[in-house]
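Some notes on the structure that comes next.
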Amino acid sequence: MGLNIEDVSVVYPAADGRPPVEALSRINLTIEDNEFVVALGASGCGKSTLLNLIAGFLSPSFGSLTLDGARVSGPGADRAVVFQKHALLPWLNVLDNVAFGLQIQGVAEAERKKVANKFLSMLGLDGFQDAPVYSLSGGMQQRVGIARALTCDPRVLLMDEPLGALDALTREKAQELILNIWNDTHKSVFFITHSVEEALFMGTKLVVMSPRPGRITHVFDLPFSRQFLDGMPARQVKASPKFIELREEVLKIIFADEEAAA
Amino acid sequence: MTEQTSQTPTKPPGLWKRISRSRPTKPGQTYGVPGQGNTLWLSVCSILFFIFVWWLVTFMGWVKPLFVPSPMAIVSKFISVWNNGYTGTSFLDHVVISTVRVFGAFLLACVIGIPLGLAMGMSPIMRGIFDPPIEFYRPIPPLAYLPLMIIWFGIGETSKVLLIFLSVFAPVVLGARSGVKSAAIEQIHAAYSFGATRWQVMRYVIMPSAMPEILTAMRIGVGFGWTTLVAAEMVASTKGLGYMVLSASQFLQTPVVIMGIFVIAAIAFAFDLLMRFVERRLVPWKGRM
């Protein structure tokens, strides 16, 4: 079943004498169970709009979104979101932040702490339960955000440039961590990134988007994350001729979009 | 050697250049943070300096004691009022009655104002209804509507507490209202994506993140309360610090006036210290995320 996006367009109405803006135009996309879909594109291509649509923060102007056949009409616990930043609650410690989703759903305190602790150790945050979130590094905060999203056992995990604010080394570690967790939990993932290498390495399906109007121009099936999960070292995956060839192809598409805009 | 001497000697930088250039930081400080550094010792010196000038002016007899009594005269007046009371009421009674008026009005303003401000921040309907009356009366000086309070509510406690209440109410409402905007949209979206109801988002995200602004508004509000105290005790009072200051000024008892001012300042300052302590305990995360 999975998530189905059919002919979806988002049009922002005309304002201040400017014509209406078509943020997304006739998007068709399916996210199957256990699929890792990565969206990539020049700025303004509507990647974030698409994620906000799936999350239910936006409604489509035309077309329909369904999850397991049911229409998506607003945010819900079946679709958890990992934000780029600013989404943790600084008045709660690490453990309570991770348990926040369960608290919202009325799970008893002992039970939700148990679940939160499980995901904290999965993300390598053991021993930080009582730490205030603002004392953590950016990479650790992001891992808290991922743990929080996983606690409610969502059907789909939506990640809006979750690694964009991290330094290169932390970022590569986090990529491997997310892939391992995805492999362990069998979630469907929709992942937004600016980095071509990250997109190729992580996804099972790559969706390249173009701006004005935001639309999907290319779709690639990717083998690389499977290779990594089958035991090939990450650097070796990223240095393989096939990876490099595809990276150049995708870069060419994106640069062409950027030049068309300039 | 000859080449060196032929060079034009570099001029030492001017005084203004030397003052205005940035200096290297001390260890443990961040370069360029505006106004960083501890001010405790300078503040102590500043207070001592003002007391010294005050003492000097009175000791040398440059100003008549009627206008500026000496610091010692204030202290001895304080001791005599402490022992014998003022106009038949003990000093502590004056302090207690004023404190009860200010903090009573303050608590009332918080109990009504914080929920109302949050509601105004959350709901365009509440904002539409309550914004005009609050914005209308907010800039009016309490002294201007004091006569109305007395005509409507008499000369008893009601009109006094109400006057102080109104002066505290507006800043508390405005603080709570703008505090609603403190939550990042990502935090709100995160809660909704866990299936939160509007009420849960309010309770678990918006209210905690509004706390720093609400506490600041409370500090500002209680300051307005003390400012309004003297006006509230102008008419038909026989007790209170504001009454003490006003009646002393009519009898040209300048030492009592100054003493009363110091007592009001001391109580207000003590409360502010308490609020700062509460702030550190309640919102240690303020400005850190």
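Each residue, glycine too, has its Cβ placed from N, Cα and C.
The region 'Disordered' annotation in TrEMBL covers B:1-31.
Per TrEMBL, the feature transmembrane segment maps to B:40-59 (among others).
The feature domain 'ABC transmembrane type-1' is assigned by TrEMBL to B:95-275.
The transmembrane segment annotation in TrEMBL covers B:102-124 (among others).
Sequence-distant contacts of the transmembrane segment (B:136-155) (same chain, six or more residues past either end, CB-CB distance under 8 Å): 162-163, 166-167, 170, 174, 228, 231-232, 234-236. Positions annotated as transmembrane segment by TrEMBL: B:136-155 (among others).
The transmembrane segment annotation in TrEMBL covers B:161-180 (among others).
Per TrEMBL, the feature transmembrane segment maps to B:217-236 (among others).
The transmembrane segment feature in TrEMBL is assigned to B:256-278 (among others).
Cβ atoms under 8 Å from those of the transmembrane segment (B:217-236) belong to residues 98, 101-103, 105-106, 109-110, 113, 117, 142-143, 146, 150, 155, 159-161, 163-164, 167-169, 171-172, 174-176, 179, 242-243, 245-246, 264, 267-268, 271-272, 275 of the same chain, restricted to positions at least 6 beyond its ends. Packing against the transmembrane segment (B:161-180) from elsewhere in the chain are residues 101-102, 104-106, 108-110, 112-118, 120-122, 127, 130, 134, 137-138, 142, 145-146, 149, 153, 206, 209-214, 216-218, 220-222, 224-225, 227-229, 231-232: each is 6 or more residues past its ends and has a CB under 8 Å from a CB in it. Taking Cβ pairs closer than 8 Å, the transmembrane segment (B:40-59) reaches residues 65, 68-71, 73 in its own chain, all 6 or more past its ends.
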